[in-house]
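**Q** Take a look at what Swiss-Prot says about it:
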- Arg60: site 'Interaction with substrate rRNA' (SITE)
- Asp62: site 'Stabilizes Arg-60' (SITE)
- Arg101: site 'Interaction with substrate rRNA' (SITE)
- Lys104: site 'Interaction with substrate rRNA' (SITE)
- Arg108: site 'Interaction with substrate rRNA' (SITE)
- Gly176, Gly181, Ile197, Tyr198, Glu199, Glu200, Ser201, Leu202: S-adenosyl-L-methionine binding site (BINDING)
Amino acid sequence: MISMLLADSELELVPREIVGYPAVRLNARKRNKSPAKSILDASLHHSAMRALPMGDRRGRPDIVHVFLLVALESVLNRVGQLRVYIHTRNNEMITIDPTTRIPKNYPRFVGLMESLFEKGSVPEREPLIVMQRDRDIGACIGEIPHEKVILLSPKGRRVRLSDYVKECDNALFILGGFPKGEFISDVLSEADDTISIYEESLSVWTVASEILVNYENHVLEASAPS
């Protein structure tokens, strides 16, 4: 089994500094939502986000959405060999039950995340997604069972993933949940190993897919009759 943690994910509610901006208020009105309870989305709020620190990398719930679809629909998850977690830029930790079916429709996913921020868990009766607040990256890692922490970074040492995963049982893989720049959390000091799997930067869902398929092949080979 392995775990994946999407760190410093750009998933947050609209910051109070920009709730009064026209782009934010207009979109919230169309959706019959309070601006302050709306998910920040660069595709909708880009004009207002110029006023935010690091505004050019924030408001990317789509990255979380695609990552979760790739991970939770993987064969590795279906055979019970994967656990998935999200850490946000504001130090929330989101734990996702492996049986969760993430909406493929993006607006529905955004609505689900807005409910999660408001209620702390969804669905209400039998929660499958749970948020904990005030969890920095170290606290998140401390709550996830693991034997080794592996950070994926373009600056890491190059490895052949098909060979590398053979020594990764019970490992925690950390991937960046942002579109550009560096980790804002001190992830490097938490990692036992920092690796790269390609000569160029890759999207997080591509990296996740490569890890999932290679580890799945390792599991299948290990369980095959000799």
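Every residue gets a Cβ built from N, Cα and C, even glycine.
Distances, neighbours, how buried they are, the whole picture for these features please.
**A** For the recorded site, Arg60 (site 'Interaction with substrate rRNA'), the DSSP three-state label reads coil. Within 10 Å of the C-beta atom of Arg60 (site 'Interaction with substrate rRNA') sit 20 other C-beta atoms, taking all shown protein chains into account.
Spatially close to Asp62 (site 'Stabilizes Arg-60') yet at least six residues away along the chain are Asp41, Ser43, Tyr106, judged by Cβ distances under 8 angstroms.
For Arg101 (site 'Interaction with substrate rRNA'), the same-chain residues 6+ apart in sequence whose C-beta sits under 8 angstroms from its C-beta are Leu72.
Summarising the environment of Lys104 (site 'Interaction with substrate rRNA'), the number of other Cβ atoms within 10 Å of its Cβ, over all protein chains shown, is 10.
Of all Cβ atoms in the protein chains displayed, 12 besides its own lie within 10 Å of the Cβ of Arg108 (site 'Interaction with substrate rRNA').
In sequence order, Pro154 are the residues of the chain that are 6 or more apart from Ser201 (S-adenosyl-L-methionine binding site) and have a CB within less than 8 Å of its CB.
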**Q** To the nearest whole angstrom, what is the C-alpha distance linking Arg108 (site 'Interaction with substrate rRNA') and Arg60 (site 'Interaction with substrate rRNA')?
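**A** Cα of Arg108 (site 'Interaction with substrate rRNA') to Cα of Arg60 (site 'Interaction with substrate rRNA') measures 15 Å after rounding.
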**Q** Of all the Cα pairs drawn from Gly176, Gly181, Ile197, Tyr198, Glu199, Glu200, Ser201, Leu202, the residues the record ties to S-adenosyl-L-methionine, which distance is largest, in Å?
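**A** For the residues that bind S-adenosyl-L-methionine, the greatest Cα distance is 18 Å.
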**Q** Among the binding-site residues Gly176, Gly181, which residue has the fewest other Cβ atoms within 10 Å of its own Cβ?
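**A** With the binding-site residues Gly176, Gly181, fewest surrounding Cβ atoms within 10 Å: Gly181.
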**Q** Tell me which of the binding-site residues Ile197, Glu200 sits in the most Cβ-dense spot, judged by other Cβ atoms within 10 Å.
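**A** By the 10 Å Cβ neighbour count, Ile197 comes out on top.
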